[in-house]
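Engineer: Have a look at this one before I ask anything.
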Amino acid sequence: MNPYILATLLFGLGLGTTITFASSHWLLAWMGLEMNTLAIIPIMAHLHHPRAVEATTKYFLTQATAAAMLLFASTTNAWLTGQWDIQQMSHPLPVTMITLALALKIGLAPVHSWLPEVLQGLDLTTGLILSTWQKLAPFALLLQICPTNSTLLTMLGLTSTLVGGWGGLNQTQLRKILAYSSIAHLGWMILILQFSPSLTLLALFTYLIMTFSTFLVFKLNKSTNINALAISWAKATALTSLTPLILLSLGGLPPLTGFMPKWLILQELTKQELPATATLAALTALLSLYFYLRLSYAMTLTMSPNNLTGTTPWRLPSAQLTLPLALTTTSTLTLLPLTPAITAALSL
């Protein structure tokens, strides 16, 4: 892609998210979301591959549906209450509609079906943008309206953690596994949103760091399925030894960073006298942990069946910058001891 066009699109992507962050009026927030969608569509379709075009079309249709639903709900709210202000949402009907529209935008279960299919059709860099940056604007709106419909949020959260764990079990394509991982993590964030928005922010922050490092590892190895992952030991030995730790951090095992948000969310749910919800969430985390362990096993303890033992695959030196990978990997593995400082900072 022409670098000037790419720079313009990335600027549009950043501007759309910033407008949504800064807006207090529903029409301005909607406009930011639309700019965001329209800016990423050419980036998604730039490969001109049938799968990429198909993924772009699916993405466009789901985002347009969610945006129309959001606009309709905000208009309904203005009609019922005379308010366009985002933080003045008092009527339960538009709040529920907007929550569902934003759930469709970020890919929460049960309106998640588009996310694995779209992510599978994209290259890893665009998939990274879709899994991280594109979640920020809808989350900003969710945090601002702070829905009080506890049953809806709990159902969305539990369904997402369950579907995210269950759906990834039988996958061999890494991008689909990461999509289901995204759905499960978003479920944890939504589960705690009504009780502690600061914990939702913490979970989102750690999810972004862990997903960033995972995508960069797969990009460096040029891996898109489990078989390709199994021969990565020959490409980058040191990285192959660290990658299982990154995956286990995504799964939420101590003493890695990914354990922090899960631990604090379960603690908060217990404090709110919701032991059944906390237990279900913890059990669904085991499903996710299984497929991270499966990837770790494939990377470190098996040899790819289509490769002769001991042969190094032909490769050219990677042009990818390693500093972002080093920084995000370090954060993914070592932030757990800073939990008291982070929670203190969030509660200010």
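Positions of Cβ are set from backbone N, Cα and C atoms, glycine also.
Automatic, uncurated: that is what TrEMBL annotation is.
These numbers come from a predicted model, not from an experiment.
So TrEMBL has the following annotated:
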- 23-287: domain 'NADH:quinone oxidoreductase/Mrp antiporter transmembrane' (DOMAIN)
- 60-80: transmembrane segment (TRANSMEM)
- 92-115: transmembrane segment (TRANSMEM)
- 177-195: transmembrane segment (TRANSMEM)
- 201-221: transmembrane segment (TRANSMEM)
- 233-254: transmembrane segment (TRANSMEM)
- 274-293: transmembrane segment (TRANSMEM)
- 289-342: domain 'NADH dehydrogenase subunit 2 C-terminal' (DOMAIN)
Engineer: Who are the long-range neighbours of the transmembrane segment (233-254) in its own chain, taking Cβ under 8 Å and residues 6 or more past its ends?
Structural biologist: 181, 185, 210-211, 213-214, 217, 220-222, 261-263, 285, 288-289, 292-293, 295-296, 299-300, 311-313, 315, 329, 332-333, 336
Engineer: Output the single range from 60-80, 177-195, 201-221 maximising the number of Cβ pairs under 8 Å to the transmembrane segment (274-293).
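Structural biologist: Maximum Cβ contact count belongs to 177-195.
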